[in-house]
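To start, the structure under review is shown below, and the notes come after it.
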Amino acid sequence: MTTQLGGPVTRALPAPDNDEPPERNTGLTGRIVKIVLLGLVVAIAIWAAFPLVANEAWIGLGILVATTAVLLWLYLTPRHIPAKYLAPGTVLLIAFQIFPVLYTASTAFTNYGDGHRGNKDEAVVAIESASVTQVPGSLQYALSVATTGNPATGPLVFLITDPVSKQVSAGDADGLKKIDDATVSSSGKVTAADGYTILNAGQASLRSKEITDLAVPVDGGAIRSSGLSRAYEGKAGRAYDKACDCVRDTTTGKTWTADESLGAFVAADGERLAQGWKVGVGFSNFTRVVTDRSISGPFLSTLVWNFAFALGSTGGTFILGMLVALALHSKKVRGRNVYRLLLVLPYAMPAFAMLLVWRDMFNTDFGLINNLFGLHVNWMGETGTARLAVLLVQLWLGYPYMFLVTTGALQAIPAELSEASRIDGAGAWQSFRRIVLPLLMVALTPLLISSFAFNFNNFNAIYLTTEGGPFPADNPMNGATDLLITYTYRLAFGGSGAQYGYAAAISIFIFMIVGVVSAIAFRRTRAQEEVYA
């Protein structure tokens, strides 16, 4: 009890027994926003769970359920306020940074790519289905090509009608299943089916290669298309023999034995079937860069050019941007702000579009560069001129950024330092070299490091101007202006067959190179800060 002189006696309220923070009254709007956002999280989790269940990815499903439960618990309790702010960024960091890095690293130790995407059982089915030939006198089915998704990109499905039983079935790469909710025309073709979109003649013709390649596995063979309106059940010319773990040609008797280290069926004469399965290959993707002469030579030349491009782009833009910033730093220059505004225009324009414009400007016959200077230079057809062209484009695109950051750094340097050096008898060059430049480097070195890392992986700068070319006649996969990143992209997504495992290994090389260079540069930056602090 507390006694007050000249006033009533008051009793102090007891302190709460627990230290649970009181729940704040966020109001009706705040509660509605919370409910909507949490409902969105649950909806996304449910949407993501279906493909995980379909593919029996139980580990991924467990991670999804645990993450969703933690987020709901975190935002439905009044405690852990700091965690509420950190959770969204942490989830996005894991989803878009950590997980891709870990997945890329795991892929680098496999043979994952075209011909090695699934497991062994799927490879056997694909081999047998691909060898199917029509048996004389076999049944012909009325065929309608359908999809369960977008007509242009969705997975293809064969809707066939048995000419004897009139039973309608749907078939894809996983097999054949009967369907009941289908409308059949007098010719036997399916015109409508619940859950399927029938492709018209135009849509089907655009995907004719996919339709031709699709084989629906059935006992002893597969069903394949014969045009766009008929299908047949054929017999497999190659069959898997579990006793010898091999694939045998039913006509010639030739066998291909499974090689688990390669993830492929290999014959005695070394012939390998195109369809294999995904297996771990250890460090072979990494050692391939050194041991395979067809790769090591182009890889090393690309690596050297990659360093030259990154250093040239970063150094060139920095020097030009710094010189322009120094020229406009003097108060004697009239209209400095107007000049600065005009000089940063390249930085304000979308680089994606400007790279395409510059590519046309370097055209040999109709380009502005040749016509303006009366030249006839094949800019994109020779190694030296193509490399010079991409460096000039990067100089034009990148110097405004260096001009801006250098201008800001110059304005942060006290003018008294330059005045004191002049009083001591130092010239303009000495003052710049011994005072201004060291202080600039302390401020700008982290930005130069990030610029180097960006240019080392500057995919658009190469792909939108030269597409990596010119290419030598004996190596269409590695061009004269290719960076490691464009070379990796061509390996992974090129038309000659994707090599995701090898491309992932090259990506790790790139990561290590940029990481080592950045670590060394930051170490030198700390040394500079200690000297000029």
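Cβ from N, Cα, C; glycine included.
Some features that TrEMBL has for this protein:
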DOMAIN    303-521  domain 'ABC transmembrane type-1'
REGION    1-25  region 'Disordered'
TRANSMEM  32-52  transmembrane segment
TRANSMEM  58-76  transmembrane segment
TRANSMEM  85-103  transmembrane segment
TRANSMEM  303-326  transmembrane segment
TRANSMEM  338-358  transmembrane segment
TRANSMEM  388-414  transmembrane segment
TRANSMEM  435-454  transmembrane segment
TRANSMEM  500-522  transmembrane segment
Beyond the flanks of the transmembrane segment (303-326) by at least 6 residues, Cβ under 8 Å: 343, 387, 390-391, 394-395, 398-407, 410, 432, 440, 444, 448, 451-452, 455-456, 458, 461, 480-484, 513
Intrachain neighbours beyond the transmembrane segment (32-52), with Cβ under 8 angstroms and 6 or more residues off its ends: 26, 58, 60-61, 64-65, 67-68, 71-72, 75-76
Intrachain neighbours beyond the transmembrane segment (58-76), with Cβ under 8 angstroms and 6 or more residues off its ends: 34, 37-38, 41-42, 45, 48-49, 52, 83-84, 87, 91
Cβ-Cβ under 8 Å with the transmembrane segment (85-103): same-chain residues at least 6 beyond its ends: 67, 71, 74-75, 511
Close approaches to the transmembrane segment (388-414) from elsewhere in its chain (Cβ under 8 angstroms; 6 or more beyond its ends): 309, 312-314, 316-318, 320-322, 324-326, 328-329, 340, 343-348, 351, 354-355, 358, 362, 379-380, 436, 439-440, 443-444, 447, 451, 455, 458, 461-462, 465-466, 481
